[in-house]
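S.K.: One structure, as structure tokens, below. Some questions next.
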Amino acid sequence: WIMGHMVNAVPQIDQFVNLGSNALEMDVTFNKDAMPVYTYHGTPCDCLRDCLRWEHFPVFLQELRKATSPGDAKYHEKLVLLLFDLKTGKINNNQANTAGQNVAKQLLQHYWNYGNNGGRAYVILSIPYVEHYELIRGFRETLKKEGHENLMEKVGYDFSGRHKLDTVREAYKKAGVDGHVWQSDGITNCLPLVDDLPRVREAVRNRDSPDGFINKVYYWTVDKVATTKKALGAGVDGVMTNHPDVIVNVLNESGYNDKYRLATYDDNPWETFRN
């Protein structure tokens, strides 16, 4: 999976997919009532990027729906995964459940269209704090209550903070999650390349072990050829990037093109491939 990073304005959807992304990451900002209101990152962000691009969350979801609905004029067949980076830093722990309910309602209305010819992409809810595990509960309970429990098949989860993996496992247990787990790790592209992969390798070991809880591992932010090769060498399933074309070129190189291919809609993002 080549995950286009910080796609928060509508024109960036086409831009990143045309450069080679089959997955997109959006930053979702909440107001004080735990309502998701904007796709927006803000400063600081990755080097050489405009941190201030934004859109109203419902509008952005509607555009994502068009981009992932077969038959729509804006449809991109290869766009198969959407990762919502939920910026929950401003909400407290006892609002997390409400935040999850609100995200579910917005997705249900504006992306899934209440199950009536909605967007078909898989969705990952990425949460920065394990303390906010109730967000997952609120999300799942809302889909159930609204009669769309079947859509949970389309949803996966990621705790994106740098927590110990045991702590992450515990949070999933509390959230009632078993499976559909992506684990991320990374470092901003502004910092010189340090070997930041020990935690990635630990996550890959967990994924590859019979009693692991992780299904997929991705690394961010991968913008250079050397970093791409390092991440692939560590065994990741996906990379998040500001430059999808760089990753595409590496995957087309000999030595890589016989080992890797871009994920399509037929590839289940919750299925584990062990090294």
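Backbone N, Cα and C define each Cβ position, glycine as well.
Positions annotated as active site by Swiss-Prot, on the basis of similarity to another entry: His5. What Swiss-Prot lists as Mg(2+) binding site is Glu25, Asp27, Asp85. If you look up Swiss-Prot, you'll see His41 marked as active site, nucleophile. Residues or ranges marked as disulfide bond by Swiss-Prot on the basis of similarity to another entry: Cys45-Cys51, Cys47-Cys190. Per Swiss-Prot, N-linked glycosylation site is recorded for Asn252, and the stated evidence type is sequence analysis.
Have a look at these and tell me how they're positioned relative to everything else.
M.R.: His5 (active site) carries neither a helix nor a strand DSSP state and counts as coil. Of all the Cβ atoms in the protein chains shown, 28 others lie within 10 Å of the Cβ of His5 (active site).
Take the CB of Asp85 (Mg(2+) binding site) and look out to 10 A: across all protein chains shown you find 25 other CB atoms. In this structure, Asp85 (Mg(2+) binding site) is part of a beta strand by DSSP.
DSSP gives His41 (active site, nucleophile) a coil state; it is part of no helix or strand. Other Cβ atoms within 10 Å of the Cβ of His41 (active site, nucleophile), summed over all protein chains shown, number 24.
Cβ neighbours of Cys45 (disulfide bond) (same chain, under 8 Å, six or more residues apart in sequence): Met6, Cys51.
Summarising the environment of Cys47 (disulfide bond), the number of other Cβ atoms within 10 Å of its Cβ, over all protein chains shown, is 12.
Annotation for Asn252 (N-linked glycosylation site): no same-chain Cβ neighbours under 8 Å separated by at least 6 residues are found.
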S.K.: Report the same-chain neighbours of Glu25 (Mg(2+) binding site): residues 6+ apart in sequence with Cβ closer than 8 Å to its Cβ, ordered by sequence.
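M.R.: Non-local contacts for Glu25 (Mg(2+) binding site): Met3, Gly4, His5, Met6, Val7, Leu83, Phe84, Asp85, Ser126, Met240.
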S.K.: Measuring Cα to Cα, how far is Asp27 (Mg(2+) binding site) from His41 (active site, nucleophile) in Å?
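M.R.: Just about 6 Å between their Cα atoms.
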S.K.: Measuring Cα to Cα, tell me the gap between Cys47 (disulfide bond) and His41 (active site, nucleophile) in whole angstrom.
M.R.: 13
S.K.: Which chain neighbours of the Mg(2+) site, leaving out Glu25, Asp27, Asp85, have a Cβ atom within 8 Å of the mean position of the site's Cβ atoms?
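M.R.: Other same-chain residues near the Mg(2+) site: His5, Met6, Val7, Asn8, Met26, Val28, Thr39, His41, Leu83, Phe84, Lys87, Ser126.
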S.K.: Which of Cys51, Cys190 has the fewest nearby Cβ atoms, counting only those within 10 Å, among these disulfide-bonded residues?
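M.R.: Taking Cys51, Cys190 as the disulfide-bonded residues, the minimal 10 Å Cβ count falls on Cys190.
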